[in-house]
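According to TrEMBL, the features are:
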type	residues	note
COMPBIAS	1-11	compositional bias 'Polar residues'
REGION	1-23	region 'Disordered'
DOMAIN	4-71	domain 'UreE urease accessory N-terminal'
REGION	142-266	region 'Disordered'
COMPBIAS	159-181	compositional bias 'Low complexity'
COMPBIAS	185-195	compositional bias 'Basic residues'
COMPBIAS	196-210	compositional bias 'Basic and acidic residues'
Amino acid sequence: MSQIPTLTQTLPSPPADPAGTSTLTLPFERRQVTRQRVTLDDGREALLDLPRGRVLRDGDWLVGPEGGPPVQVQAAREAVVHLTADAPERLMAIAYHLGNRHVAVQVAARWLRIAADPVLEAMVRGLGGRCQRLRAPFEPEGGAYGGGHAHGHDHGPDHAPAAAGGVNPPHGAPGHVHGPGCSHGHAHGHGHGHGHGHEHEHEHEHGHGHDHAHRPAPAAVNPPHGAPGHVHGPGCGHGGSAPQPITLQRRGPTIHSYGEVPPKGD
């Protein structure tokens with residue numbers, strides 16, 4: 001039994017002699033997975049072991065660590081929604097709202113294309129666009145800083161690159177970056193109390209520049225010992241682990257109480 005070939009890298013340009021090459025047809029979701037077992041179009045099996053974050057594009061050429069016959073990637077035809085509008089500015093507005101929802105979008109001069117999603121289709125129609133369902137290759141835009149390739153499934157979508165030098169200041173401090181290693185779970189369903197409308201139904205409607213620094217709430221202030229409202233406990237400042245009895249002088253027998261204030265005029 002022959003060993004299953006492993007494909008580990010892409011060629012910077014097509015091979016000089018494409019004779020004997022194979023093809024691998026995958027939908028966009030599978031082309032984002034960097035480590036998987038695949039079946040080539042000729043029926044043979046192969047293993048993908050690509051660098052983390054690599055997304056395969058239609059026309060990419062794959063080879064193993066020691067070369068060998070290259071394999072060409074082809075984008076499969078899949079269920080997509082073809083979006084158009086009467087005016088370019090209307091189509092641009094639709095693209096803006098889709099981007100605010102972190103939706104993968106394929107962009108062309110006169111149309112957009114997204115994966116089939118009834119909720120998004122309703123939004124697009126509400127914005128004055130037209131939707132047409134069809135089966136076609138899906139090649140959405142990649143990350144702005146990824147050299148044309150979006151982040152793959154091996155490490156998930158990032159909010160932001162790590163801080164310089166690999167050191168991220170504490171949350172709330174100047175220069176803090178949301179993203180990997182942020183350590184406080186920046187979930188996408190966050191309901192911040194600072195007036196930017198997150199229009200959520202699986203989507204984001206960010207109406208702000210996302211550089212807000214979350215400042216910790218000021219620590220509660222305990223009045224000085226003996227002042228009204230002073231609380232005994234941690235942070236009290238005078239080492240009292242429990243309230244001490246106070247002796248109150250009244251007409252009659254001495255009464256011991258814990259912090260009770262005698263009625264006026266008694």
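Backbone N, Cα and C define each Cβ position, glycine as well.
Worth saying up front: this structure is predicted, and the values here are computed from it rather than measured.
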Long-range Cβ neighbours of the compositional bias 'Polar residues' (1-11) (under 8 Å; 6 or more residues past either end): 37, 44-51, 54, 56, 60-65, 68, 70-71
Give me the DSSP three-state residue breakdown of the region 'Disordered' (1-23), ordered helix, strand, coil. 0 helix, 6 strand, 17 coil
